[in-house]
Structure formats: C-alpha cells, structure tokens
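Taken straight from TrEMBL:
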- C116: active site, proton donor (ACT_SITE)
- K22, N23: phosphoenolpyruvate binding site (BINDING)
- R92, R121, P122, I123, D124, Q125, D304, V326: UDP-N-acetyl-alpha-D-glucosamine binding site (BINDING)
- 7-404: domain 'Enolpyruvate transferase' (DOMAIN)
- C116: 2-(S-cysteinyl)pyruvic acid O-phosphothioketal (MOD_RES)
Amino acid sequence: MEKLMISGGRPLQGTVTISGAKNSAIALIPAAILAESEVILDNLPLLSDVAVYSEILEELGATVSWDGNSMRIDPSHIISLPMPNGPVKNLRASYYMMGALLGRFKEATIGLPGGCNFEPRPIDQHIKGFEALGATVTNEHGAIHLHAKELKGAKIYLDVVSVGATINIMLAATRAKGSTIIENAAKEPEIIDVATLLNSMGASIKGAGTETIRIEGKSELHGCRHSIIPDRIQAGTYMIAAAATRGNVLIDNVIPKHLEALTAKLIEMGVGIEELDESIRVIGKPSYEHVDVKALVYPGFATDLQSPMTSLLTQAQGVSVLSDFVYSNRFKHVPELIRMGAKIRVEGRSAIIEGHSLNAAKVKAADLRAGAALVIAGLTVEEGVTEVGGVEFIDRGYDNLVTNLRELGADVWRQTL
Ligand code: EPZ
C-alpha cells in the first residue's frame, strides 16, 4: 500500500499532456470483441483498469499485444467463457463485457461490477435494453447470465440518462438483426468515441452524442485502427489544480469543447483561461469569486469533476454551493477536506463551501475523484505535508500523476505505508 505525500504552496507552472480517455478505453477494449479481425487502439491510457481488461480478453482467447500506448487485439479466436468471478470483479465497467459478448456470441456470464464505492451503481437500464433486444437476463449468485436465441433490433427508451447503458446497448445492437433506436440516450463524448470505433468496424450507428441513437445491426464486423479521444476529466482535474495553486499551466492534447462547462465556471470565478485549438492555458489569480455549480449529465458540468472542484471552491471568497444531480451521495471527500480545515456542510445533494485556507493533514481517498480532490487540496497548503491514502483509487484514473505534477513544479512523492 502507498500514500501520496504533498508539500504544497507551490504554483504549478509548465505544460501537461493529457492521455487517452479512461472512460472511453474501458468501453473500446471490450467493443473489439465484436470484430472478426484485428483491432488496434492508439493513445490508450496506461491505467490499471486497462491492464485488467487486456487480461480479460486474453482469458477469452484473444491475442493482445502492446506497442507503447497502442494495443493490438486479435479477437478472431475468442470464445465466450463464463466470468462470474476473477478480474471482472475488480472493474466497475466490467458490465461492457455483457453487451460485447451478447452481441458476438448471444450469451455471457459476468460477475456483477465492482469499482468505485461512492454509491450503489445499478445496471437495471442495461438489462432493460438487453431484454428489449431479445435476451433472457438472470442474476444468479452475483453474476449476470445473458442468453438470446437471436438478437432483434428494438426501440428502447432509457428511464435514466445513463452513459453505461447507452454504450452497452449500442454494443449488443450492432450485431442484432434489424434496427435499434435508443431514446433518452446519454450524450457524453465517450459515447461518440465508441460509436466512431464501431462504425470504423463496419457498424451503422447514427446520432451518437444526441438523445436518439439509431443502430442498423450487422451480421459481421471487421477490424480497424482507432485513436482514443483525450481524457476530459483528467484535463479538467489539471485545470482545477492550476487554478487552485494560482499557477500558469498549459493543458495540452484536449478537445476544448468537451470542457466548456468547467471553463465557463472557472472564468466566472475569475480564473484566467486561454483556449487554443487543442490545448487550454489556465492562469491562476490571487483571489476568486464564489460560484454555484450544478453537476449534470453532459454537456452540463461533469459529476467526475465535482469533487476536484470542491477543493478549488475552498479557495474562493464567500460561500459557494455545489450540487450533484447525477449521483446523490458523492461527497466522501468532504469529511476529509474538513480534516484539512475546510468549512463545508452537505445538505442533500449539495455541498455548501465557505472559502477558507486549508492545513496539512493525513487524509484518505474513498474513490478515484475524491482522491484527486484531496491531492488538489494538499497542493494549496502552504505549511506542512499532506498525506493522501487510497492511492490505488487515484491510479485507476490518472496515469503518471506524480511525474506530471513534479514536472509542473509540485513537491509530491509516493511513500510506502
Ligand atoms: C460513467 O459511469 C463513468 N464511468 C462515471 O465515471 C461517470 O461518473 C458516470 O458515467 C456519469 O457521467 C465510466 O464510464 C466507466 P451512468 P456509469 O450509468 O456509466 C443511474 C469516474 O470517476 N443508473 O451514466 O456507471 C446511476 O445510478 C467514473 O471516471 C441507473 O439508475 O454512470 C447514476 O445515478 C465514476 N440505472 C446515473 O444513472 C442504470 O442502469 C448515471 O449513471 C445505470 C445508471
């Protein structure tokens, strides 16, 4: 076990290059199962979830090889094996194996997902979609069994706007007979990224990124090469860290449009922002205005950035209100920030944050983005060393975090517990 040690009070300066999107990668890798020939994915982030996924595909008989950040997957000899336990249990997004295996083999047995533990993560909308396509879905001893004599296109209305359900249903529908319409679909950029891969494999998907997605099923899909979009959440985290430390950082390899909601909020606070074609410069200021933030589905403010944003709002003057309308209980970082002297109270879906400087303390991350929030908080502390436990969570979403922060001038190091 390790912890991150942070001696803060140093403005971040320089350039950080953003890697491929985690939440694309862990959908694109299982999507490769749907092809009958080699798929190459470029710009993959080197994260533990990605490594677990390549292990899962090899277990099923795929040939997987790496060349830097590129993964070559040959799924031509893959078979559908039940995976009630084992590596799938270490992933939140193992559920994408359901849509991929159902699409390719009309059957799958997958252990229920694990992953971040900030609240129960239902998959009822995924199952609703699979059943609409003709699959029988049962839950036995914590594993989901799916089977279909035939997958037939259907019209599916999602009761909840869900990224996972939208992608998972899209995966299965690409190999169904006939056309599928997903209504009330999520619009996140990662959904467009998966649809782009599937269309390069010969699928026919229209409307990804809008609330209505149309998929014409195909009997076979072929291999292709695809480069993953940059990680907008990783980029947003570094933007927030640059503002919180009053630094001057160029965040390179981003799609600025994916960060519009955050950029607008930072400008509202008084942070300096310069937008270029594929990068954003963040210029910190001595003082910030308080703002109200609502975490919503895309293109609203990303829920994955609400915990890092909470740390920045402790640096604003006055009282800010941050509400999360996607997850009702994603405030596990708040008690830890309070241990650092933050003045925050949680009321229902909202955190009320009074601007106040923070002190060094021993804190612990309970999930991936809470960990990022605690690192950012530690970077703002002028005196002393903040110790952040739960590094294993942080490593699931931020590759090269310590290297990147040190290159930006932060005094951060890992220490074995
Ligand atoms: C994806 O999770 C991301 N994870 C999450 O990022 C992100 O927070 C979330 O989308 C929202 O943007 C991955 O892509 C691997 P949802 P997902 O289905 O797909 C409810 C991170 O930190 N819901 O869009 O699981 C659900 O409870 C992670 O990188 C149902 O009720 O999220 C939630 O309230 C954390 N039934 C809301 O919908 C379902 O069947 C949105 O969840 C599915 C979801």
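Glycine residues also receive a Cβ, built from the backbone N, Cα and C atoms like all the rest.
The record assigns R92, R121, P122, I123, D124, Q125, D304, V326 to the UDP-N-acetyl-alpha-D-glucosamine binding site, and the maximum Cα to Cα distance across that set is 22 Å. Annotation: N23 carries the greatest number of neighbouring Cβ atoms among the binding-site residues N23, Q125 [cut-off 10 Å, Cβ to Cβ].
According to DSSP, N23 (phosphoenolpyruvate binding site) sits within a helical segment. In this structure, the C-alpha atom of K22 (phosphoenolpyruvate binding site) lies 20 angstrom from that of P122 (UDP-N-acetyl-alpha-D-glucosamine binding site).
A distance of 16 Å separates the Cα atom of V326 (UDP-N-acetyl-alpha-D-glucosamine binding site) from that of N23 (phosphoenolpyruvate binding site). Counting only the Cα atoms, the space from D124 (UDP-N-acetyl-alpha-D-glucosamine binding site) to N23 (phosphoenolpyruvate binding site) is about 20 angstrom. Across the structure, I123 (UDP-N-acetyl-alpha-D-glucosamine binding site) and N23 (phosphoenolpyruvate binding site) place their CA atoms 17 angstrom apart. Taking the binding-site residues K22, R92, R121 in turn and counting surrounding C-beta atoms within 10 angstroms, the largest count is reached at K22.
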